[in-house]
Amino acid sequence: MSFDIAKYPTLALVDSTQELRLLPKESLPKLCDELRRYLLDSVSRSSGHFASGLGTVELTVALHYVYNTPFDQLIWDVGHQAYPHKILTGRRDKIGTIRQKGGLHPFPWRGESEYDVLSVGHSSTSISAGIGIAVAAEKEGKDRRTVCVIGDGAITAGMAFEAMNHAGDIRPDMLVILNDNEMSISENVGALNNHLARLLSGKLYSSLREGGKKVFSGVPPIKELLKRTEEHIKGMVVPGTLFEELGFNYIGPVDGHDVMGLISTLKNMRDLKGPQFLHIMTKKGRGYEPAEKDPITFHAVPKFDPSSGCLPKSSGGLPGYSKIFGDWLCETAAKDSKLMAITPAMREGSGMVEFSRKFPDRYFDVAIAEQHAVTFAAGLAIGGYKPVVAIYSTFLQRAYDQVIHDVAIQKLPVMFAIDRAGIVGADGQTHQGAFDLSYLRCIPDMVIMTPSDENECRQMLFTGYHYNDGPTAVRYPRGNAQGVALTPLEKLPIGKGLVKRHGEKLAILNFGTLMPEAAKVAEALNATLVDMRFVKPLDDTLILEMAAQHDALVTLEENAIMGGAGSGVNEVLMAHRKPVPVLNIGLPDFFIPQGTQEEARAELGLDAAGIEAKIKAWLA
């Protein structure tokens, strides 16, 4: 998509924040309008995160207009809302390449631009990093400002409160902006969001308070009286003003779509000392009515026709693994009232919408709180229930201690349904599910299963759910299933693999859904093919049998080679003094950038041609 100067005459003048700050203030509303239209035109042609960016146009313009970026440091939490930021910071003409192989990174990324102070992708990290950056700036002595923008979904995470508690203690000069659009990826839940709703009733209190401070600030006795009166008013109007109790000077809420008002407020706050908190109200999907009405559907979009007002329907192909899980969950819950399902704010992505509607009293969206999700599940298990934690591989990393300390050590029957395992694709380095086998395999008493297709996935979910001697994990990928027939549910024998094809000299031990590629390679090389099924416990007997019957072994997995399933096979062979050559094929020792899943697998040699080439080169 080439940039149309005639269509965007004001935006054409802005290819850097320095150019933005040269614009007359009265032209900024027009700039916002053009920026929003350009975002719609670009993302509808290329795909990407959509509704969040539409809601932050005015805020982005105001921040870069008031602050001397990149000298002043602007930090975006998660980064879904940062597309306007990228457009205004020299990446306007490349925005159509976002999330594509070799294109712009899907989130703010330090290696891409000096304006991207913090690389992000996971939520709730901005305030912690911002405090560190603000402290460093203070010690540097260059009067550099620090601003963090965090959403109402991300601020529900415990890490954000840990950071604010620390900021209130050491009092760095920084500004935290809460972008309150009343909508994160899933519906926001929890007491904090109820509290934010209560804050909306405090506009009169906020204006009276700030006005009174200005009028009476020079009169000490009245100033002290105002402070005492304020404490009483605070208790009556806004019970427990949370952010001020944490040590922040709270201002707001203010209209996040009034660019002139935002500029005025930010200028007033820019030179204030200590931790400042600005609460702005925005509308996710602002300016595009279909996204305003359905911001969840329009959170991330494929290519679509903006004039149609709707996203293209799926071609009616095979169901995704998330739906396979969701269907199994509903089927099992209908038969067992003990099932409890937990998600950390990923209802739609994890395939749990139908379950949440059919079984609302057994569905728990704990918000962006992975640590709490796991220990909450532990408590349910202690209480005699059967918790299923549906979580993306990349987000389970955030609750690792809870998996060990609160679940595994106590041998509690918690099942982890690990979605987005392996290569995820367009979201890049921060979202690849590359490490779960490695970080779970070393936990004692953990049972880990890797299905090769959707039927095996269902059987493993059934097996894990009915396993009562400790935690279990079933990991499955993003994307569509393979179209195999679904058979009646039955428990699989724990730790047993299956030989799928008998060959000569070479045996391929496959873990997971690369099985179709492995089957092609086995056929081409006349190799034995094994569906290992279990990463833990491994089928030691079968591994030793394969070692005895073949000249060499190949392990195949879509997980980091280091510490993964293949490493487990190596350990078995060494423990039994079997010096059989083994080639471990999996994800390499670097963070895998964005691109389609197919592009990544081809580049990494994890398609059939690449796997065959790796094996032939190794055997040569």
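Cβ atoms here come from the backbone N, Cα and C positions, even for glycine.
Under the DSSP three-state reduction, His80 (thiamine diphosphate binding site) is assigned to coil, being neither helix nor strand. According to Swiss-Prot, the thiamine diphosphate binding site annotation covers His80, Gly121, His122, Ser123, Gly153, Ala154, Asn181, Tyr288, Glu370, on the basis of sequence analysis.
On its own chain, Asn181 (thiamine diphosphate binding site) has Ser52, Gly55, Gly151, Asp152, Gly256, Met281, Thr282, Lys283, Lys284, Pro295 as residues at least 6 apart in sequence with a Cβ closer than 8 Å to its own Cβ. Annotation source Swiss-Prot lists Mg(2+) binding site at Asp152, Asn181.
Local packing around the Cβ, expressed as the count of other Cβ atoms within 10 angstroms, is greatest for His80 among the binding-site residues His80, His122. Working note on the binding-site residues Asp152, Glu370: by count of other C-beta atoms within 10 Å of each C-beta, Glu370 ranks first. Of the residues the record lists as binding thiamine diphosphate, namely His80, Gly121, His122, Ser123, Gly153, Ala154, Asn181, Tyr288, Glu370, the two whose Cα atoms sit farthest apart are 32 Å from each other.
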